[in-house]
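Taken from Swiss-Prot, the feature ATP binding site applies to Gly151, Gly152, Ala153, Gly154, Val155, Gly156, Lys157, Thr158, supported by sequence analysis.
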Amino acid sequence: MSNAVGKIAQVIGAVVDVTFTDNLPAILNALETTNGGNRLVLEVAQHLGENTVRTIAMDTTEGLTRGQEVRDTGNAITVPVGEGTLGRIINVIGEPVDEAGPVKHEARREIHQEAPSFVEQSTEAQMLVTGIKVVDLLAPYARGGKIGLFGGAGVGKTVLIQELINNIAKAHGGYSVFAGVGERTREGNDLYHEMIESGVNKDPNENNGDTTGSKCALVFGQMNEPPGARARVALTGLTVAEHFRDKGQDVLFFVDNIFRFTQAGSEVSALLGRIPSAVGYQPTLSTDMGALQERITTTTKGSITSVQAIYVPADDLTDPAPATSFAHLDATTVLNRAISEKGIYPAVDPLDSTSRILEPRVVGQEHYDTARQVQEILQRYKSLQDIIAILGMDELSEEDKLVVARARKIERFLSQPFFVAEVFTGTPGVLVDIKDTIKGFKGLCNGDYDHLPEAAFYMVGTIEDAVAKAERLAKEAA
């Protein structure tokens, strides 16, 4: 540990300049000082001249004074890792924020790590079944892959992530890490309590701080926190996940929201004196994103499957922030406002969402053929919509009318009630097996259910549920 002591020279918002007479700390080193009785961590970002470093604060800087002493810790920010973090909420510097005492840990690990080398990485493709029909059928997730959930404000990214945590964490039984990056504190609080209620985590306050048996570690740096915390909290979460992976676990790593990581970087970038690039983002956008994403990978020891919510500013997928993240993903799930306006949830766009593993070699011929058939029908319906809008349904040929009828049923059958939304909708959630999903959509494409009304396919699980709903609707109408 270096014991070099410096003094604060100036404070500009989240950026603090510190002067050292000798032993200048290295870039990315953590410096410590106190502010109002609390420990404040500063991370070195730049060297200015011979004896000054420019740092980014991990907490608020109100109350700091010039001339105040700052100590160099001699290494990067370290956080507790190991099974003691499960069931607990920690912040960017690894301190507990759930008021349940100190975090028990096996070791502390630096948040800046090298990405695994090519030799250590594993490349086999395997499907991760989520129980969500539209995802499993049209844009399946790879075990150990990176998945992006793209969507504008309020189309259901966080609900979809919560459903995935619920479905996969329960079915998969492994450990999960949830990094809340610059999102609403209320949602983080809800998630924490929902996890305790659903049995994924144990309540530390009821067991004298003990969370043995918990499955998910939570790492939060929320909207109200300074940009330094939001720019680093994803790395803190990833460090916790990497430790489990290196112990041979298959880990699920959820990030909500990766855009806020970029946004925080752009906030401090200008304060650090960098010239902004396109749309005002930081010039190091691709480098920052690459440094995070390249560490999220599957090695020969274990795997990290990551699901990342990606906010799309003004619903524009060509914005540099979402566009940069596209390059790193194995599967993209695009949420569309037009679909959510129809009341179809999850509002996943079946034509825009993609997956690298949707090929017969990985998912099997029947699954592949059914998915392509569904997309073909939906694509034809999309191309007919202009004609329908101008001339009406009557001008279509009989064949096209049939395509439209099937497409509308498929659209509704892609909806599904969620477990985490039960409290709002009153409809019990369903988890649909991939075999049932393929069977249902194959029958729809082949016209086996042309006689059933559209309404029967809305918000049901399997095709048997749809048939039962049709019978119920017929009885009610009679």
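Going from the start of the chain as shown, residues are counted 1 onward.
In case you wondered, yes, glycine gets a Cβ from its N, Cα and C as well.
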Which entry in the list of binding-site residues, Gly152, Gly154, has its Cβ near the fewest other Cβ atoms, using 10 Å as the limit? Gly154
Surrounding the recorded ATP site, with Cβ no more than 8 Å from the Cβ centroid of Gly151, Gly152, Ala153, Gly154, Val155, Gly156, Lys157, Thr158 and those residues left out, we find Tyr311, Leu335, Ser340
Per-residue Cβ crowding (10 Å cut-off), top of binding-site residues Ala153, Val155: Val155
According to DSSP, collapsed to three classes, what secondary structure does Gly151 (ATP binding site) have? strand
Per 10 Å Cβ neighbour count, which of the binding-site residues Gly151, Gly156 ranks highest? Gly151
What kind of secondary structure is Thr158 (ATP binding site) part of, going by DSSP in three states? helix
Chain-internal residues, separated by at least six, CB under 8 A from Thr158 (ATP binding site): Glu183, Glu187, Asp256, Ala309
What are the sequence-distant neighbours of Lys157 (ATP binding site), meaning same chain, six or more residues apart, C-beta distance under 8 angstroms? Leu149, Gly151, Asp256, Asn257, Ala309, Ile310, Tyr311, Leu335
